[in-house]
Amino acid sequence: MAERKYFGTDGVRGLVGQAPITPDFVMKLGWAAGQVLAKQGTKKVIIGKDTRISGYMLESALEAGLAAAGLQAKFTGPMPTPAVAYLTQTFRAEAGIVISASHNPYYDNGIKFFSSEGTKLPDDVEMAIEAELDKPMTCVESALLGKASRLNDAAGRYIEFCKSTFPKELSLAGLKIVIDCANGATYHIAPNVFKELGAEIITIGCEPNGTNINHEVGATDVRALQAKVVEEKADFGVAFDGDGDRIIMVDEFGEKVDGDQIAYIIARDALRRGELKGGVVGTLMTNMGMEVALRNLGIPFVRSDVGDRYVMEKLLENNWLIGAENSGHVILLDKVTTGDAIVAALQVIASIVGSKMSLKELCDGMSMFPQILVNVRFAGDNDPLESEAVKAAQADVEAKLGDNGRVLLRKSGTEPLIRVMVEGEDAELVTQYAQQIADAVKESC
């Protein structure tokens, strides 16, 4: 397959105002997508966004490009990424488009696409869009121009869907939950879901202003949530990222519960109910503790490359239903077509309510190996991973760890970062080894 020019692992993403996240490019992207999608069936596209101030500008640019290609754009306003996937299916649209940079700061943004089935676009469709981007932009005749409209009931539809994934015989009555919406797209969705199911809720990160998305709140920074859970003596806390496809939880003692632990709880509960189909997909970053805990339960486990796209590929390949990344992407294919943080949270809470156990007690069956992740920023065309010094440092650490740990070096798919991960039984040694490799990476940049 030809090398991608514009699409990364999660659509097109970058710094707003710099290529490719400029109004002219995004308009051309809308047109190029329209050229491809118009040949596939209906000419209706669902468009959602998170709460970044640049979303308004990029929304208008997309609208112009799609209209020039003759497509009808249906705008949801601020809406979680998985909600757009769901609405794309229920409205029988040809595609869904999300304007978001997920967990990144407000000054980044991006465009990602969903197919009519609510899944990420196949590689061949993305490559077809890239091919159109390199052609001169044209416009259909005036009578065939696309029109734009708003989906005023989008939020209500998605709230009802989320609630439908929670067992009808259970209730959240009596639970005190702290909800952190990262000042992002779930701010008007998640509180209503949990409240309508009976919980007492306390919210943080629910006051977006266009520039505070993911800032010291949300799934990538749970310190505020940890403090609030302890202060309020809540049963637990739930944090979402800016576009609502990642979840991190916090137990009653303020301890973080990541995507690995969440997937373990959901899989174990499905096994208890006799409803587990197959095994669990993790990634190269998944904690060894999860692998060991699942093995002890007799649940198969495989690893994919990092990225929810690759988790999904492994799930489909094995015909399994549960996949996750430790960063908080949790995919439950019996309920959704992509990572959905609210739905994942509800399944964990169903386990809490159904088992009459606390979140901490549910996590106790899985002992986490100490895992240190160091991000090293790099610039230029050189590849630090090809450095002999880096290879030597990695080999040295792997020899010291033996069978009792792992080393993983990889490039980020969305930022100019080398991610150095070291995992083992001794936290102090793991930290030392990770820094040893990170120093070698820095020196090679």
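Including glycine, each Cβ sits where the backbone N, Cα and C put it.
Cβ neighbour count for Ser102 (phosphoserine): 29 (other Cβ atoms within 10 Å of its Cβ, all protein chains included). Under the three-state DSSP scheme, Ser102 (phosphoserine) falls in the coil class. Marked as phosphoserine by Swiss-Prot on the basis of sequence analysis: Ser102.
If you look up Swiss-Prot, you'll see Ser102 marked as active site, phosphoserine intermediate, on the strength of sequence analysis.
Here the Cβ of Asp241 (Mg(2+) binding site) has 34 other Cβ atoms within 10 Å, regardless of which shown protein chain they belong to. Under the heading Mg(2+) binding site, Swiss-Prot lists Ser102, Asp241, Asp243, Asp245, citing sequence analysis as support.
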Cα distance (Å, whole number) from Asp241 (Mg(2+) binding site) to Ser102 (phosphoserine):
7
Which residues, same chain and not among Ser102, Asp241, Asp243, Asp245, have a CB within 8 angstroms of the centroid of the CB atoms at the recorded Mg(2+) site?
Asp50, Pro80, Thr81, Ser100, His103, Gly184, Ala185, Ala219, Phe240, Gly242, Gly244, Arg246, Ala341
Count, for each of the binding-site residues Asp243, Asp245, the other C-beta atoms lying within 10 angstroms of its own C-beta, and report the residue with the smallest count.
Asp245
Helix, strand or coil at Asp241 (Mg(2+) binding site), per DSSP?
coil
